[in-house]
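Reviewing the structure listed below.
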Amino acid sequence: MSASAKPAAKSAATASAPDSFFSATIADADPEIAAAIAGELGRQRHEIELIASENIVSRAVMEAQGSVMTNKYAEGYPGHRYYGGCEFVDVAENLAIERAKKLFGAGFANVQPNSGSQMNQAVFLALLQPGDTFMGLDLAAGGHLTHGSSVNMSGKWFKPVHYGVRREDGIIDMDEVAKIAEANKPKLIIAGGSAYSRAWDFKRFREIADSVGAYFMVDMAHFAGLVAGGVHANPVPHAHVVTTTTHKSLRGPRGGLILTNDEALAKKFNSAIFPGLQGGPLMHVIAAKAVAFKEALQPDFKVYAKNVVENAKALAETLRGHGFDIVSGGTDNHLMLVDLRPKSLKGNVSEKALVRAGITCNKNGIPYDPEKPFVTSGIRLGTPAATTRGFGVAEFQQVGGMIAEVLNAIAQSEDGTAPLVEAAVKARVKELTDRFPIYQ
């Protein structure tokens with residue numbers, strides 16, 4: 001080009017994008033969101049996370065979820081898309097499918113559900129008609145909104161019939177489940193929940209379902225990681241369909257997964273997800289699911305799952321040793337419900353006090369709870385996140401002691417606060433979390 005020649009003009013498309021579009025960081029492009037993210041990172045680093053539905057994902061999972069896969073539309077399924085250019089997202093989805101099948105011993109897997117609620121909606125869409133009767137664990141006894149709560153679509157469009165737990169021990173009475181099923185002849189029976197700490201008798205549930213001609217579904221969203229790690233019974237051989245979120249104890253990105261061994265049902269679930277409920281799948285999330293499934297297939301994940309359960313038992317026993325009531329007397333999985341009534345405490349007040357002390361949990365209703373849902377008589381505690389960062393039995397015994405210290409202090413106060421105790425515990429929490437850093 002001669003010295004007098006002018007450089008070629010930018011194309012209209014190039015000219016419309018600022019030079020920083022492909023290079024600016026979040027801090028440059030949106031300082032307010034960058035500050036919120038930095039604040040959340042600090043919170044996760046310096047607080048002990050005991051919310052049972054939360055976990056800490058690997059950097060690899062986050063990298064996949066923040067990848068260029070987010071740019072791609074891919075309506076349909078691998079090899080049968082409504083868009084071109086899907087050859088690489090097909091690779092990611094096929095890997096996710098095959099790894100999920102291997103992880104849980106299932107013949108078929110749908111990795112496209114955007115959430116746990118949507119995966120359960122898809123099963124309902126595939127197996128039920130509006131007005132059909134189905135059974136699930138009562139939300140007040142540890143079930144989930146999508147299992148027939150009156151405020152949820154499942155309770156509005158269908159006819160839910162609930163089973164509960166025994167008042168005397170907080171455990172599901174399988175004979176009562178059988179009686180309810182026989183009396184109501186549901187088309188679908190669901191096992192699983194969000195706050196039930198004991199093992200599920202999948203074999204008996206299937207026998208009951210078969211006796212009334214019902215489909216049997218297991219929602220293992222909370223304990224899927226324990227199933228993958230071999231420390232919890234696998235529902236896949238017993239159920240017509242199994243659903244799970246991919247986060248929680250499975251330690252992946254937020255999303256859903258549907259598993260079955262029945263090819264005819266698999267086709268129904270695929271159609272229910274697309275085009276029934278969703279359009280284009282979130283390919284960046286599916287890529288992250290594939291990464292998480294690969295992580296869960298490694299031997300060290302079995303060690304992790306074992307530690308989650310051991311830590312939960314240690315935390316429950318420590319709290320019992322400090323005079324706290326644990327619903328059902330203990331735990332077989334990753335979570336527990338603490339009944340605060342003997343301490344004359346409410347769940348909402350206790351949650352806030354623990355958060356001020358650097359321990360994150362959630363208020364939770366207990367079986368036969370007289371309090372309103374935003375007050376509650378209990379708190380729910382879980383061990384997956386703190387176990388991920390390296391806490392063991394000794395650390396959870398310390399955590400149990402700190403929880404007891406805070407709650408006993410606010411029980412003796414007039415306003416539900418104990419500033420000196422909360423501050424002292426928060427300092428010890430920071431010492432503990434500093435020993436087990438994340439995302440360095």
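Cβ atoms are placed via backbone N, Cα and C, with glycine included.
If you look up Swiss-Prot, you'll see Leu139, Gly143, His144, Leu145 marked as (6S)-5,6,7,8-tetrahydrofolate binding site. The N6-(pyridoxal phosphate)lysine annotation in Swiss-Prot covers Lys248. The site 'Plays an important role in substrate specificity' annotation in Swiss-Prot covers His247.
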Across all protein chains in the structure, which of the recorded positions His144, Lys248 has the highest Cβ count within 10 Å?
Lys248
Using the Cβ center of Leu139, Gly143, His144, Leu145 as the (6S)-5,6,7,8-tetrahydrofolate site position, which other residues in that chain lie within 8 Å, going by their Cβ?
Gly136, Leu137, Asp138, Thr146, His147, Gly148, Ser149, Asn152, Gly193, Ser194
Specify the count of other C-beta atoms within 10 Å of the C-beta of Leu145 ((6S)-5,6,7,8-tetrahydrofolate binding site).
17
Around His247 (site 'Plays an important role in substrate specificity'), how many other CB atoms lie within 10 A of its CB?
25
Taking the Cα atoms as reference points, how far is Gly143 ((6S)-5,6,7,8-tetrahydrofolate binding site) from His247 (site 'Plays an important role in substrate specificity') in Å?
18
Count the Cβ atoms, other than its own, that fall within 10 Å of the Cβ of Gly143 ((6S)-5,6,7,8-tetrahydrofolate binding site), considering every protein chain shown.
26
Cβ neighbour count (within 10 Å, all chains shown) around Leu139 ((6S)-5,6,7,8-tetrahydrofolate binding site):
25
